[in-house]
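Data first, discussion second: the structure below is written as C-alpha cells.
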Amino acid sequence: MRVVVLMGGRSSEREISLKTGKAVAKALRELGHEVYELDLDKELPCKLLEIKPDKVFIALHGRYGEDGTVQGLLEILDIPYTGSDTIASAVSIDKDFTKRIVKSLGINTPDWETFISEGDVLNTEWNKFPAVVKPVREGSSVGLKIVESLEELKEYALDLLKKTERVMVEEFVEGRDMTVGILKGEALPVVEIIPKKGVYDYECKYTKGMSEYRILKDEKLSKKLQEISLKISKFLSLKDFARIDFRVTKEGKIFFLEVNTIPGMTELSLLPMAAKEKGMDFKKLISIIIT
C-alpha cells in the first residue's frame with residue numbers, strides 16, 4: 001500500500017508530532033508499505049495529488065491535525081485517512097464542547113467555566129481552588145497551569161487569551177490519572193499514570209522519568225472505565241484509534257477529562273503500552289490502524 005504519513009504541522013505540538021510520524025513511518029516500512037513522509041505546508045494538496053496515496057496516516061497533533069482541518073482537505077481530495085472524521089475531530093478537540101456532551105450523557109466531569117474575552121475573565125467569580133487553567137483547543141496539556149487564587153487565575157487566563165481564542169478554568173479534582181485507549185471500537189486495558197508532580201502536564205508527558213505508568217489491575221474499576229470510554233467513543237463517532245483521559249478520586253468517583261483523537265505514538269506513549277498488554281507489538285498496532 002502507498003501510504004503518506006502526515007506529521008509536523010504548525011501547532012505547539014509540532015515536535016511531538018514529528019516523533020510520532022517518524023515512529024509510524026518506520027513501522028509501516030517494516031510492514032512492507034511504500035511510505036512518504038510529508039509535513040503540513042501550503043504545497044500539501046499538490047504533493048498528495050502527485051503521490052496518489054492509497055491512504056494517509058495522520059500523525060499530526062493539535063491544531064490543523066486533530067481539529068478536522070486536514071481531515072476536511074483529505075475528504076475534498078477523496079483520499080482515505082486514518083482516525084476520526086472532520087466532524088468528530090472538530091468536536092473532540094474542543095474541551096468545552098466535549099465536556100458539555102459528556103455531561104449530557106450523565107458522565108461526571110469537573111466543573112468548569114470558559115472565557116472568550118477579557119471581560120469574561122475580569123468578571124468571573126470562580127471560587128474553587130486549586131483550579132486548572134488551559135486553552136480550550138490544545139492537546140498534550142500545552143498551556144496547562146494549576147492556579148491557587150482568583151488573582152492568579154485572572155492573570156494567567158488573560159495571558160493565555162493573547163495566544164488563543166478561548167480559555168477554560170476547571171475544578172482540580174484530587175485523584176489518580178487513568179487513560180483508556182480505543183482501537184477499532186474496542187477498549188484497551190486501562191493505563192494508570194503516576195506523574196512525579198501533582199498534574200500530568202507537558203513536561204511529565206514527554207520527559208523520561210517524570211511519570212510512571214502501569215496497567216490497572218483493579219478489574220471492576222477497569223471495566224467501568226472501559227464502559228464509559230466506549231459510550232463516549234460511540235456518541236462522538238470516534239474511528240480507528242483514540243484515547244480518553246479520566247481522574248478517579250479515592251472514593252472511586254470517575255471524572256472525564258478529555259478526548260485525544262490522535263494519541264501520541266512515541267516511546268513514552270500510552271496507547272502502544274495498552275496495546276502491548278493485549279499482545280500487540282507496535283508494528284501490529286500500526287497495521288491494525290492502517291487497515
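Keep in mind that glycine also has a Cβ here, set from the backbone N, Cα and C atoms.
The ATP binding site annotation in Swiss-Prot covers 125-179. Per Swiss-Prot, Mg(2+) 1 binding site is recorded for Asp245, Glu258. Residues or ranges marked as Mg(2+) 2 binding site by Swiss-Prot on the basis of sequence analysis: Glu258, Asn260. Sequence annotations record features per position, and here Swiss-Prot assigns domain 'ATP-grasp' to 99-291.
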Handout entry: Spatial neighbours of Glu258 (Mg(2+) 1 binding site), counting only the binding-site residues Glu125, Val132, Ile146, Leu153, Val167, Glu174 and Cα distances within 10 Å
Key = none
Exercise for the section: Mind giving me a neighbour count for Leu160 (ATP binding site)? Other Cβ atoms within 10 Å of its Cβ, every protein chain shown. Expected result: 22
Practice task
Would you count the other C-beta atoms found within 10 angstroms of the C-beta of Leu153 (ATP binding site) for me?
Solution key: 24
Fill in the blank from the handout: Reduced DSSP state (H/G/I helix, E/B strand, rest coil) at Leu153 (ATP binding site) is helix
Completion exercise
When each of the binding-site residues Val132, Ile146, Val167 is scored by other CB atoms within 10 A, the minimum falls on Ile146
Handout entry: Cα-proximity to Asn260 (Mg(2+) 2 binding site), 10 Å cut-off, over binding-site residues Ile146, Leu153, Leu160, Val167, Asp245
Key = Asp245
